[in-house]
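Have a look at the structure below, then the notes.
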């Protein structure tokens, strides 16, 4: 083996020493033919000693070991590359086959549909924004009008103050007239003591009141007094709206306000509640101890409901607020004095959150009402196919005591209320000259058409309720809280 290595070592210098290479052939001592190949060293002038040859052989062995280690390292790297390639192939198989053109087309179609939906939502948002801008413009005009009225009132107040000051600086004319001087028919004036210089300052306030609040027109066209309005009867007349309060912000565009027709301590027949219902988390209930506080906008208390309510169908009855829970068919009884939930009950099968609303929308699927006989709920179901369903509710546990199904389509009317067990509907929420157009008598189960004029003064009535204690309709018309006097025929 060393001789072979020496031969291999000598091969690279073949070109250098090719001119001095010799090949000899001769017989050895035993007569066998031997070939001898000789090459001259290119560097060494004489042959090295045996120890030097062993050093060369050792170096060659070391180089061979190094090459062997390099070969092993190369094999290890190749093995690592094979493992990585196998792992990648395994991942590719787990990921499944590559997308086909059909799959890419389906994905493209899905993206296009999503784009169309986003464009539709964008248009809806732009429309809603335009409506808000229009409402803002209307509110700004109303604000200007109210500011002008406020300035006029301030001028009138200043003028009145100056007049009062002028009168106080003056003196009443002295007179010594007695009862003998008083003309016949005016004897009661003689009780005044006019002999002194003292005088009384009388203050008066002029309030504009529609004539319909004093006199009412009968079906025959004659005006009648309010005598005889007590007790039950059939609705025959609705008066002009009287505005008591205007909401301060756009959150009051829709809402509900009410007084308790059966007040319990500590509340009175003057206690008023108000809820602005624009928003997704409506929980605030404003309470006013006096009507004057309500009209001035100074609540005495604000209730925070434990659960948000839905739309404008709430009522107050016997010290409790009854309302529909948001996005549900559940009716809740909330005791106002203790601020606790006393009962809650689902209305079986009732549509909610836009299934069967009134024509103006607003998630008015479930509408609570109060009349002389107690608590009611107005709604519809899939079984009734959108027709109005009436149920009498137990005010304590909210159980349904009796139910009637009418032939009046709920989405074809703007609102409804109940008087003396009869359901009445209003034809339009936005027409200035609407009508009370249908009546359904729960006593007979008979419905009929009506044409009783009903004024939407502000052209967006979102709530109409009857108060049996005051014999009035309460309504919320486009930010404004109004009342209507009514006339019932005698039973």
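Any Cβ shown, glycine's included, is placed from N, Cα and C.
Values in this document were obtained by computation on a predicted structure and should not be read as measured data.
Among the residue ranges 151-189, 190-228, 229-267, the one that Swiss-Prot annotates as region 'Disordered' is 151-189. Listed by Swiss-Prot as binding Ca(2+) are 415, 416, 464, 465; the candidate from 281, 289, 365, 367 that the record includes in that site is 367. Less than 8 angstroms from the CB of residue 420 (disulfide bond) sit 232, 233, 234, 371, 372, 373, 488, each of them six or more residues away in the same chain. A Cβ within 8 Å of the Cβ centre of 367, 415, 416, 464, 465, the residues given for Ca(2+), is found for these other residues of the same chain: 313, 358, 369, 378, 417, 426, 463.
Each of the recorded positions 232, 416, 464 was scored by the number of other CB atoms within 10 A of its CB, and the lowest score belongs to 232. Of all the Cβ atoms in the protein chains shown, 27 others lie within 10 Å of the Cβ of residue 415 (Ca(2+) binding site).
The Cβ neighbour count for residue 465 (Ca(2+) binding site), using a 10 Å radius and every protein chain shown, is 28.
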